[in-house]
Structures are given as structure tokens and as C-alpha cells.
Amino acid sequence: MNKVVVKNVTFGEGAPKICVPMVGKTVAALKEEAEMLQTIDLDVVEWRVDFFEDVKDLAKVEAALGEIRAILPETPILFTFRSAKEGGELAVSDEFYFELNETLAGTGKIDLVDVELFNEEADVLRLIETAHKNNVKVVMSNHDFDKTPAKEEIVSRLTRMEALGADLPKIAVMPKSAGDVLTLLDATNTVFEKANQPIITMSMAGTGVISRLAGEVFGSAMTFGAAKKASAPGQIDVNELRHVLDLLHKQF
């Protein structure tokens, strides 16, 4: 399997890397969050830009990103606009979604960009090309807040993401039972055994918490923890998360 190196973080080896979302609505709130995150043992910061009140002004988005980068110069930043259809805060046009991501990928201020799988393939491929030209890694994602698809469907989506050029394919699904969590873990293990790229998977909500902890066993390279406000159901406090991941890593 290929390793994916972003600054001083290597995906695809050792314990899952910890990503903490920033969800501030204003520049002041984001700066406060970034300063707090300086003190936390994390690997990646995700800016959930769909929470930002000035997201439709690209110049203000870039300026806010500059403020975050100044506070966290060595921390990998994942730039994510989560669409409303996949659980995000704001509905926007496809045109705006791609303009935002392509523009910010070209600023030199982000390290990874989230690209949602279920868009026009030509648009997805163009954004991947733009990201890679600017040395930005692509987290290609899909989120199902209603259910856990069949194992074959989860495997198919992750495999398709890799085929399209994702550096880190990602899927998050909602369990209705413990069996659904096992389905996600089984699919993760199946893809991990044959994939060329590290993958990121999780089963959400309380039932799925084990999937956020057991990535090193089943093959998920990153997990999401909450420092201030969880951006998705089931995210664990980042300090508790690090403790459990370290515990499992020592035994593995």
C-alpha cells in the first residue's frame, strides 16, 4: 500500500491519525479555535468551511484561511465544504462548490481537500487535477446519514474513489444496529487488504464509536475527534481518543 505523507504526518502506517474539525462561524471564532488546537495532541485540522458565515465570499475565505495557517503553520489542514446533501450546513450550487474548492486548492495554504464522490465525474476529475498540481492531497468522501449500505456497495464506493485518483478515500455511514457496524468494519478490512491507497472509514453515532477506535485493526487511516463541538454524531473527545488509540497501538 502507498503511504500518503502530508507535512510531518504519514497516513497508512501506525495508529490512525487524529483529525479535529474547526467549526467557527467567524474569523474571531476560528482564530480562537486554532489557538486552542495548538495545545492539543492532534495530527490534522479540518476546516469545515460550510460553518463559516462568509463562505460565499472567496476573498474572505482565503483571508480566514491565512489566519488559521498563521496560527497552525506546521499542522496539515484539510479544507472541507460539506454539502447539505451529505450533512453539511449550507446548500450551494455545484458550480459554487467546485469554484470554492478549486480556488482554495490553488492558494498554497491547504494540504488536503475534501471532494465528494457523488458529483459530475468531469467536475470531480478537474478538481482532483487542480489539487494535485498544487501538491494538495484529495480526501474523496461519501456520507450516508440514513443507513449503512451493503458491504458490496461500501467496497464499490471506496474502490471507485481510488480509481478516480483519490489519495485518501473516505466513507461514513449510519448504523441502525451492531450488525451494521460489523458490515462497515468488514468492508473496511476487505478494501484495506487490496487497496493501493490508505482509506478512512467510520460508522457514526454511539453505536459506531468502536469503528472510530479500531482503525489500526481493520484498516482505517484516520479518525475524527472533537475538541470543542462535534461536527458529526459519535465524535469522541480528542484527548480520550488519543489515549485509546495509543492503548490499542501498544497491543497491536
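Placed from the backbone N, Cα and C atoms, the Cβ positions cover glycine too.
Residues or ranges marked as 3-dehydroquinate binding site by Swiss-Prot: E46, W47, R48, R82, R212, S231, Q235. Under the heading active site, proton donor/acceptor, Swiss-Prot lists H143. What Swiss-Prot records for K170 is active site, schiff-base intermediate with substrate.
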From E46, R48, R82, H143, Q235, the recorded positions whose CA lies within 10 Å of that of the residue listed as 'active site, schiff-base intermediate with substrate': H143
Around the Cβ of R212 (3-dehydroquinate binding site), the count of other Cβ atoms that are within 10 Å: 25
The residue listed as 'active site, proton donor/acceptor' and R212 (3-dehydroquinate binding site), distance between Cα atoms, whole Å: 15
Structural state of R82 (3-dehydroquinate binding site), classified by DSSP into three states: coil
C-beta crowding around W47 (3-dehydroquinate binding site), within 10 angstroms: 28
Rounded inter-Cα distance in Å - H143 (active site, proton donor/acceptor), R82 (3-dehydroquinate binding site): 10
CB contacts for the residue listed as 'active site, proton donor/acceptor' [other CB atoms within 10 A, all chains]: 22
E46 (3-dehydroquinate binding site), number of other Cβ atoms within 10 Å: 22
Same chain, 6+ residues apart, C-beta under 8 Å of the C-beta of R82 (3-dehydroquinate binding site), given in sequence order: R48, D50, G88, E89, D114, E116, H143
Set of same-chain residues at least 6 away whose C-beta sits under 8 angstroms from Q235 (3-dehydroquinate binding site): P21, R212, F224, G225, A226
Largest tally of Cβ atoms lying within 10 Å of a Cβ, found at which of the recorded positions R48, K170: K170
